[in-house]
Amino acid sequence: MKNCEYQQIDPQALPTPTPTPPPHHGKDTEKKKEPRRPRRKWEVFPGKNRFYCDGRIIVARQSGVLPLTLGLILVTSGLFFIFDCPFLVKHLTSCIPVIGGVLFVFVLITLLQTSFTDPGILPRATPDEAADIEKQIDNTGNTSYRPPPRTKEVLINQQVVKLKYCFTCKMFRPPRTSHCSLCDNCVERFDHHCPWVGNCVGKRNYRFFYTFIVSLSFLTAFIFGCVTTHLALRAQGGKGLVFALQESPGSAVELVICFFSVWSILGLSGFHTYLVASNLTTNEDIKGSWSGKSGEDVTNPYSQKNIFINCCSVLCVPMPPSLIDRRGFLPTDESAQTGSADIELPTLAAKSEINVCTQGTKGLLESAALSPLLSTSCPQGKPQNAHSCPETSPALNSDPTSEFSKGCRGNHTSSSHGDTSHPRHTKARSKKCKREALHIPNPAFDVPVSPTSPDAAPDSKAGSHKGGSLTPLH
Amino acid sequence: MFHNLQELRHSASLANKVFIQRDYSEGTTCKFQTKFPSELESRIERTLFEDTVKTLNNYYAEAEKIGGQSYLEGCLACATAYLIFLCMETRYEKVLKKIAKYIQEQNEKIYAPRGLLITDPIERGMRVIEISIYEDRGSSGSSSGSSSVSGSTAR
């Protein structure tokens, strides 16, 4: 067995993606299976997200109270159009339903975009990157306990900023990036995790979020004003408010909803306007990163000191691409060859993929018998890591009460980075390995396998060679 | 020496990888460090490497540039409730395509003949530029690291 690990695979025997794995890994059962359909990367995504419409829509695992938000908006607007608009059109102007309609559509669209857009998730580091970083940090090679939290200092616009190391994603977080424990992802320019929209708010969907709350405050205020006018008009002539309410019961409901929500939504809009104008995130504001609480002379290094420029750089910057490439295909040769190294497991959202659990187990146990050292060297991202990560994101209103799944319309974001043209082997395999690590209840998979193997991006031969050879670790 | 990319893939083994990290000195805009890594010293000229990284940095700066045009685009997008993002290719995506082409071209012309391969940063979440160093399998006794099993003859 040990000799087979170092066996060089003849390049001629290994054309491009046909699965001809090293014989000792018991992949005969795999060959007998019919060819598997090409899998997309969202199916092996390691974070706690759900995907719909074949990867076009991404939501957090816990949708929070998104259905409630949608319900409230729909109910209130519906009642408005049914009960108040006819009266107001007759007595005032027909612009009212038009304005109301425009605002309602705006609110709905931006809400759905906020919920279904990738907020700026950073893909986890590939095993090679993680190994490289480890080498740079700590050369003692002591892996028996988790080392103390690691930080790196950089100078941004003459301001010292500490970058923290994320143990789940195995990388130093870029500035303004934070790890959301609810979604188990590092999110760029992390603002907060909003349960009302059921998603994180980060770099890519902040503008949707801001437009949503601003238009919602307009809508709420508009409906509130119209309902008040409507009831006032009905109550004219000494008829009284009770009479008016009896004639239009829907208005009573609207009044209550709008009255209680308009203050909080207006307040939130005002707060976020302040944040936009000073180029701050909610996360930074809460923590007081730039307010100089520690007595040092700290200023926000990202602010341009000009309100207009700050607004532009938050809201008008060109839309960044999604970094997680949800709809890209996993290379089929890699999926097939690494049956022993990478075990495919069903992900959270019920994906209909038949995974290679069964045939992979045998190979896994064989390889596990070979190299017990792997259990220490393999950087696995187990679910507990999400909590043990030293920096937990301040999920502001995090109140994950219920789990709903909602799939609405497709939201096509820029996720197609050329499905086949680039060598993405490394990324795919590392994700698969970490994926299986995250969702393993099965004790058969307790022995971690080396994710350090998949590095030969264009060289499938070397990749399979490493897939077979588990001992030569980096 | 390798003559082209295909030859590189089929006759070389991966020896090492070098990661060019991000340069955050100017904020969160995408920019990579131009420091020349020591592992590449024997493989490629410093100026060529720096040129590549600087060109990439310029591309990313162009993609993220905020100016009059981006302001107008932002306002127009907001007015349409950002629905135009569903229909149009954004400026960033256009530049990413240019970058992909540039990297492909650099690999073919400069890096592959020297046994190196650049991976597009977008595939690494824009965190690093990954440069893979290959060793010719035929070469014996080369000081490459882990995996070059260059055949039994050398032993």
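Here, residue 1 is simply the first one shown, and the rest follow in order.
Every residue, even glycine, has its Cβ placed from backbone N, Cα and C.
Annotated features, as they stand in TrEMBL:
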| type | residues | note |
| --- | --- | --- |
| COMPBIAS | A:1-10 | compositional bias 'Polar residues' |
| COMPBIAS | A:378-404 | compositional bias 'Polar residues' |
| DOMAIN | A:162-287 | domain 'Palmitoyltransferase DHHC' |
| REGION | A:1-40 | region 'Disordered' |
| REGION | A:376-474 | region 'Disordered' |
| TRANSMEM | A:65-83 | transmembrane segment |
| TRANSMEM | A:89-112 | transmembrane segment |
| TRANSMEM | A:208-233 | transmembrane segment |
| TRANSMEM | A:253-277 | transmembrane segment |
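Counting residues 6+ beyond its ends, the transmembrane segment (A:65-83) has Cβ neighbours under 8 Å at 59, 97, 100-101, 104, 107-108, 111, 115, 195-198, 216, 219, 223, 226-227, 230, 248-251, 253-254, 257-258, 261, 399, 401-402, 404, 406 in the same chain. Within the model, the domain 'Palmitoyltransferase DHHC' (A:162-287) shows a mean pLDDT value of 90, rounded to a whole number. Helix, strand and coil content of the domain 'Palmitoyltransferase DHHC' (A:162-287), in residues and according to DSSP, is 71 helix, 19 strand, 36 coil.
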